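Asks: Just passing along the structure, written as structure tokens.
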Amino acid sequence: MKKPFRIGFGFDVHRLSEGYPLWMGGVRLEHSKGLEGHSDADVLIHAICDALLGAAALRDIGYHFPPSDPQYKGIDSKILLARAMELVRSQGYELGNIDATIAAEQPKLNPHIPDMQRVLAEVIQVEVSDISLKATTTEKLGFTGREEGISAYAVALLIAAV
């Protein structure tokens with residue numbers, strides 16, 4: 001019997017480096033550094049993908065879209081998010097909601113949250129109110145505090161489709 005609700009958790013981190021664009025939640029942000037990665041390194045979308053896939057017991061983003069596969073080199077993470085949501089829907093689930101937190105000292109992300117919510121909701125095909133995003137710092141502690149990288153955490157609630 002299919003469970004009526006499933007919850008998944010996702011986490012991702014990428015190194016900040018000069019010479020890369022900074023993508024966050026599908027929105028390109030102006031900053032002196034960007035995130036390194038095989039794809040566009042959008043840590044927020046990657047954490048959300050892992051939360052969605054985990055909730056549906058479909059493993060993780062690296063399993064479905066491995067960095068060893070050249071077709072994913074430089075890919076727009078919004079494409080990965082759309083595919084992850086297709087996989088979730090193929091299992092008979094719809095999104096209840098997402099709650100995610102981004103940890104970064106710079107740039108300040110709060111002004112960009114409404115744009116990120118709109119982009120993510122459009123890609124996943126849900127209401128903006130189904131996407132909760134928060135930004136925090138680590139009070140200058142650890143690799144995020146030293147501005148060496150950015151991390152993101154996400155929880156997704158799935159609801160059995162009727």
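For all residues, glycine too, the Cβ spot is worked out from N, Cα and C.
Keep in mind the model is a prediction, meaning the values are calculated, not measured.
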Asks: For the divalent metal cation site that Swiss-Prot describes with ASP12, HIS14, which of these is also annotated: HIS38, HIS46, HIS64?
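Replies: Looking at HIS38, HIS46, HIS64, the one Swiss-Prot places in the divalent metal cation site next to ASP12, HIS14 is HIS46.
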Asks: Take the C-alpha atoms of THR138 (4-CDP-2-C-methyl-D-erythritol 2-phosphate binding site) and HIS14 (divalent metal cation binding site) and report the distance between them in angstrom, rounded.
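Replies: If we compare the Cα positions of THR138 (4-CDP-2-C-methyl-D-erythritol 2-phosphate binding site) and HIS14 (divalent metal cation binding site), the gap is 15 Å.
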Asks: Please work out the number of neighbouring Cβ atoms within 10 Å of the Cβ of HIS14 (divalent metal cation binding site), leaving out its own Cβ.
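Replies: Within a 10 Å radius of the Cβ of HIS14 (divalent metal cation binding site) lie 23 other Cβ atoms.
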Asks: Between PHE143 (4-CDP-2-C-methyl-D-erythritol 2-phosphate binding site) and THR137 (site 'Transition state stabilizer'), how many Å separate their Cα atoms?
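Replies: Rounded to the nearest whole number, the Cα-Cα distance is 11 Å.
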